[in-house]
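Participant: If you scroll down you'll find the structure; I have some questions about it.
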């Protein structure tokens, strides 16, 4: 039992001695490595440390802390890197992260007192982030800024981003006002920019018959024609329609036209046939008129006979 106690005491003394030795060595190393000195400093440092780099910088330079594992190493720069802004004071010039802005609504800033971008629910105005805009301005959800009530050159608007009518001399397109309509757009009478329409034509037709001076016979060389239809007429500033008719020289096997006498005979034959039909029609109309005359005369004769009969009956009755 006594031997066990003696062993435990010896072990504890040994551990205490080892810890003391390790702590002393680390303290000496830190003391040697972090010694402040102005000799041997590089990169614009005025004072520096072997362990922490630059501690102060020469005039006009900014001190910037760069992370190296668990350490921060100081470096001296003529200007602060991206994401940082510089602050100057009589004692030192520092590079401050833009995320460390003075306004809690600020998402990015130029310096501690000038915001560049606001967080959701706030709107930028003159470097400040506001939950509501001044009276003469209105919030823009797309820009996250306080903007004029209507966009520039706008006479009336739906909101700060959408114009409904432009000021004189401007043209409306997609809620924005333009001095000149963009490419592929043109102005209309309502001072709006509308899409430019270009002419569209269909496919060419087949070539027509070969002819010359309206005839298809009696020649060797002639012309044949093809056409295509206009599918879409162009707007005033659109591309005009190309040619819709095309001609080319053509060759046919020469053949004689029918003699003029033969054509005259055919014409006379058609004329005689027409005259025959007209004569038959005239005779039919004459027969109808004659029938109407006979019927009218028969009716008048019957009327006269009936009149005499009634007159005679009347005379006989008076005599009795």
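A Cβ is built for glycine as well, from the same backbone N, Cα and C atoms used for every other residue.
Bear in mind that TrEMBL entries carry predicted annotations, made automatically and left uncurated.
Worth saying up front: this structure is predicted, and the values here are computed from it rather than measured.
Per TrEMBL, the features are:
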- 1-20: signal peptide (SIGNAL)
- 43-146: domain 'R-spondin Fu-CRD' (DOMAIN)
- 261-271: compositional bias 'Basic residues' (COMPBIAS)
- 261-320: region 'Disordered' (REGION)
- 272-304: compositional bias 'Basic and acidic residues' (COMPBIAS)
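A description of the local structural setting of each listed feature is requested, covering burial, neighbours and distances.
Facilitator: DSSP labels the residues of the domain 'R-spondin Fu-CRD' (43-146) in these numbers: 0 helix, 57 strand, 47 coil.
For the compositional bias 'Basic and acidic residues' (272-304), same-chain residues at least 6 beyond its ends with a Cβ under 8 Å from one of its own Cβ atoms do not exist.
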Participant: Just to be sure I understand, if DSSP states are collapsed into helix, strand and coil, how many residues of the compositional bias 'Basic and acidic residues' (272-304) fall in each?
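Facilitator: Helix, strand and coil residues of the compositional bias 'Basic and acidic residues' (272-304) number 33 helix, 0 strand, 0 coil.
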Participant: I'd like to know the mean pLDDT over the domain 'R-spondin Fu-CRD' (43-146).
Facilitator: 85
